[in-house]
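According to Swiss-Prot:
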- 4-39: zinc finger (ZN_FING)
- C13, C16, C31, C34: Zn(2+) binding site (BINDING)
- 40-69: region 'B-reader' (REGION)
- 70-74: region 'B-linker' (REGION)
- 75-263: region 'N-terminal cyclin fold' (REGION)
- 264-374: region 'C-terminal cyclin fold' (REGION)
- 575-596: region 'Disordered' (REGION)
- 583-596: compositional bias 'Basic and acidic residues' (COMPBIAS)
Amino acid sequence: MEEEDARGYNKPCPQCSEVNWAISDEGTFYCKSCHTVIEKTREVDDTEVFSTHGKLQSISRGLRKKRKLEKGWEWYVCEGFQFILIKQAEALQALGVAPQIKDEILCTFWRRYLQKTNQAYVKRPVYRSVLTCRDSDSSATEVDSDLEAFSIGTSSVSDGYTSDASGRLSLPTEDIPSASESAVSVHSGSVDGLSHVKMRKNFKPWNYVKMTMPMTLAFCYLALLWLRASITLSDLLRFVFEKHIPYINAHQYLPEEIKVYGHDVRIFRMQALPVYNDILSKAYELGAFLDLPQFPPITKNCYLHPSVLCMKYLIEANLPDELQQWTCQVAEKTGIDDFHRLTFDPACKRASHIRYDVQAVALIILVLKLLFALDDNTEWQLSKFAERMNQSNKEKTVFDLQSWYQTVRQCYEKAQQKLEEEYGRFMWKSDCPLYYSQTTKSLLQKRKQMSENLQRQFSKLAGAAPNTGKQGPSSFLFKWEEQNTDTISFHGHSLQAVLHQGKKPPTPINTHYWLNSLRKCKTRICQHSELYEESNFPRSYHFMVCLFAFLLRVEHCVIHHEVGLIEELFFQEKKNKRKQKPKKQEMTDFREVPPD
């Protein structure tokens, strides 16, 4: 066949001058006498190419077999959450939290949760209808160093559960079906993924707290609260958004042997950022479910105490340091600084939720209302008076609220715009995409490759700067410096323009105060704590609420509602003192609220 195809070429060989050609397997011509290869190749008809290609495709389709389901470990959902909790604890350690948070605090909480939900440390789990046993020979050779430090099965536990070399749970061998009878669900990578998704909250006979991704943050917050660490709940959620703590796409931290697909996607995939009140409610619910003892007391030296947090947010908001003594007085009069009130006790179910950071900024706003009124009139008159004092006396700078407003507003608007851009560029998809079934895996991989190519091309066209990685974590969002005229520091400014200097103790010049709510709402169905209308309040007050809501990354209604609660305590205390004191004696601390 090769000789017949080469008969049409009659040119002599340039090496030996003979005409004795043949065609190689690659389609090139060579001389059979001297084996010289020339550049000429075989000419192929188009119809022959298409017919041959079609035959190859049909043959390949006929011989192709269905790809078997990728199998790894036979794992449970609680094991996946255990890996994620390990990574979150390590991230908190990297942020400066004490090492006890991983091996002692968080580990103890997790063990107690597994025992309470009958998933471990019990003889017979009540919810697993089908138990599977892993091949101990294959798993014993692989040692996971991460799980060794956080093993939930120890030799001290004698209830039928142990831990193998890889750190995973090893179930008791009695009443477990053989490997041939193992029934791992084809709809999920985990053994109990389907049952975990369909499980209701008050499913009998448990009445348990269902484990979810937001619940992992509740575990972390309880551990931070137990250690009295210098990380508030708002800081924790901000670190989650900045990806310093694994939460979004946390499944990529799982080992390769743990296959996540099907119903597992609904468990470990998060499409929204955590909400402040939601995580706080889950933390209180978790603490009551675990029957935890009373947490260590929050004393004046603790970071979560109002005096410390108020000073922190005064620095953050670029407000004068002299406001600190006023916030301490209000906290003392309302009883907010009492350690009995600040300490978390899971056994006290009727106690209100303690929002340490929100409570601190609400104290600052209340003090600003006492000194400046924040009614769109009084504060600007006081600012003009402070401006005249600064012109006449340049030795000590007096705090000017109008100048502060112009400086802080400019920085706030820039930071707000930057945050909105970060929200728009936030990457929800991970490098390890999740898929619901094996049939959609190839399709999702093609879509991912196409989106990456398009994103790369658009970034080249737009001339965008390459991503340099995430910035280092910081407790402060703003940096106020005296050298930069755009960010003037107001920390050392005096409050002489708003106080009567002749009296001891000094009292505010402002004698008016307006309340956020005229009447206390006693119903729980109106949801007044979730309502906040900007048009109903002065613009200066609204700016204060927006500023501190931005610093804490919470909704405006959360700040506004907390201010109303502290106002209720403050003026109720003043009302009680007014009844006890004689009529002729005047109040020397704060002015009374004018009667209606």
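Here the Cβ of each residue, glycine as well, is placed from N, Cα and C on the backbone.
Looking only at the region 'C-terminal cyclin fold' (264-374), the predicted model's pLDDT averages out at 93.
Excluding C13, C16, C31, C34 themselves, the residues of that chain whose CB lies within 8 A of the CB mean position for the Zn(2+) site are, in sequence, P14, Q15, S17, E18, N20, K32, S33, H35, T36.
Applying an 8 A CB threshold to same-chain residues 6+ apart, the list for C31 (Zn(2+) binding site) reads C13, Q15, C16, E18, N20, W21, A22, I38. Annotation for C34 (Zn(2+) binding site): same-chain Cβ neighbours under 8 Å, separated by at least 6 residues, are C13, Q15, C16, E18.
Across the region 'C-terminal cyclin fold' (264-374), DSSP classifies residues as 63 helix, 0 strand, 48 coil. Fewest Cβ neighbours within 10 Å among the binding-site residues C13, C16: this applies to C16. DSSP labels the residues of the zinc finger (4-39) in these numbers: 3 helix, 10 strand, 23 coil.
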